[in-house]
Amino acid sequence: MSHFFAHLSRLKLINRWPLMRNVRTENVSEHSLQVAFVAHALAIIKNRKFNGNLNAERIALLAMYHDASEVITGDLPTPIKYHNPKIAHEYKKIEKVAQQKLIEMLPKELQHDFRCLLDEHYYSEEEKALVKQADALCAYLKCLEELSAGNNEFIQAKARLEKTLAIRQSPEMDYFMAVFVPSFSLSLDEISLDSLD
């Protein structure tokens, strides 16, 4: 018997942004799906508009599993995780142990297939960068949603993420930011108007 998927099912019980007041709580499971949507889109944009040659479906899978180890470690708040390089380095080691523990829950004949999704060492540098871009973009989108709902708790997080996005800047991310991001600050009525025309 394997407990792998029973563990992954519990990602929905782990809330993100645990130290901040949220208008709407976000869990790791739904965050992972949104990161998969965005990473997939970034890969397609890169391929279609900027001469990329990425496997968009693989990118979506990598993004889906990118926080899977948090079912064991929990979601450590960013200010703590990156407080200093030593803490960040040690936390990476903890994540690695958690990833290995998850992989060992699988039947032997499936372990390699999932190791390629759970362990960043199997990602190309380009795949890793794209998933990190999508992860940061989704955190930024969460900030926009919270701010548009009147929650000023996310002002500093938004400013920090804008710096992160500037560091991770790419043509495909610029395209995504210009074409898709503005809608996240609008109401349902506003985003529905264009759809009905």
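Going from the start of the chain as shown, residues are counted 1 onward.
Glycine is treated like the rest: Cβ placed from N, Cα and C.
In Swiss-Prot, the divalent metal cation site is described by His66, Asp67, Asp135, and among His7, His31, His40 the residue recorded at this site is His31. The full span of the recorded substrate binding residues, Arg16, Trp17, His31, Asp67, Asp75, Leu76, Pro77, Thr78, Asp135, taken as their largest Cα to Cα distance, is 15 Å. Scoring each of the binding-site residues (Arg16, His66, Pro77, Asp135) by how many neighbouring Cβ atoms lie within 10 Å, the top position goes to His66. Note on the domain 'HD' (28-140): DSSP counts are 90 helix, 0 strand, 23 coil. Cα-Cα distance from Pro77 (substrate binding site) to Asp67 (divalent metal cation binding site): 13 Å (rounded to the nearest whole number). Look at Arg16 (substrate binding site): DSSP puts it in coil.
Surrounding the centroid of the Cβ atoms of His31, His66, Asp67, Asp135, where the record places divalent metal cation, the chain contributes additional residues within 8 Å, namely Val28, Ser32, Val35, Ala63, Val131, Cys138.
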